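According to Swiss-Prot:
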REGION    1-73  region 'RNA-binding and homodimerization'
MOTIF     34-38  motif 'Nuclear localization signal'
MOTIF     137-146  motif 'Nuclear export signal'
REGION    180-215  region 'CPSF4-binding'
REGION    205-230  region 'Disordered'
Amino acid sequence: MDPNTVSSFQVDCFLWHVRKRVADQELGDAPFLDRLRRDQKSLRGRGSTLGLDIETATRAGKQIVERILKEESDEALKMTMASVPASRYLTDMTLEEMSRDWSMLIPKQKVAGPLCIRMDQAIMDKNIILKANFSVIFDRLETLILLRAFTEEGAIVGEISPLPSLPGHTDEDVKNAVGVLIGGLEWNDNTVRVSETLQRFAWRSSNENGRPPLTPKQKREMAGTIRSEV
């Protein structure tokens, strides 16, 4: 196993522990707490994949961080912070919409690269909007936290989320997954639109009808899978 993979996991475990202590002292805002929950799932998946114990990794990560901090001067820290571009966290969904449990009458799940797509095939003839919470850097989507599909009545009928066992994805991964989800929902005669915020930062455009430019392959992929199972 690559030693850098191990040390990266160890440091991530310790930093998650520090953030959890911050949350326990009620010092974290809603985006902070949301990322904390998502990262916990990701760390569990990575630990299982790597065969590493999280508690042991956390202790090792603490030693790595302490060693670095001991060698780090305040001036070097200021220079490092100044050179790192800051990302922004954008929210289409409220914390309640993100954390709400939902169920599917006819479940359909598909993995597209590092993202998992879920939708309810029982939903038909509905107006649906896709909302997402994500981070942005250089005016471009950096990391998808969660995307959900809502009916006009507020019911959740679809979702795109990062796979805990496969951390890291690109804006192209997100756009491809959105295309697949739209194709699946439209197969059942639903009308789907994407939030203006997601259009702006994923596609760098905003269409009045809420439709980003999708390739025929994206729209066929989920629809073709659904057709074969009906």
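Cβ atoms are placed via backbone N, Cα and C, with glycine included.
Sequence-distant contacts of the motif 'Nuclear localization signal' (34-38) (same chain, six or more residues past either end, CB-CB distance under 8 Å): 16, 19-20, 23, 28, 95, 98-99, 133, 145-146, 162. With DSSP classes pooled into helix, strand and coil, the tally for the motif 'Nuclear export signal' (137-146) is 0 helix, 8 strand, 2 coil.
Here the motif 'Nuclear export signal' (137-146) returns a mean pLDDT of 86 for the predicted model.
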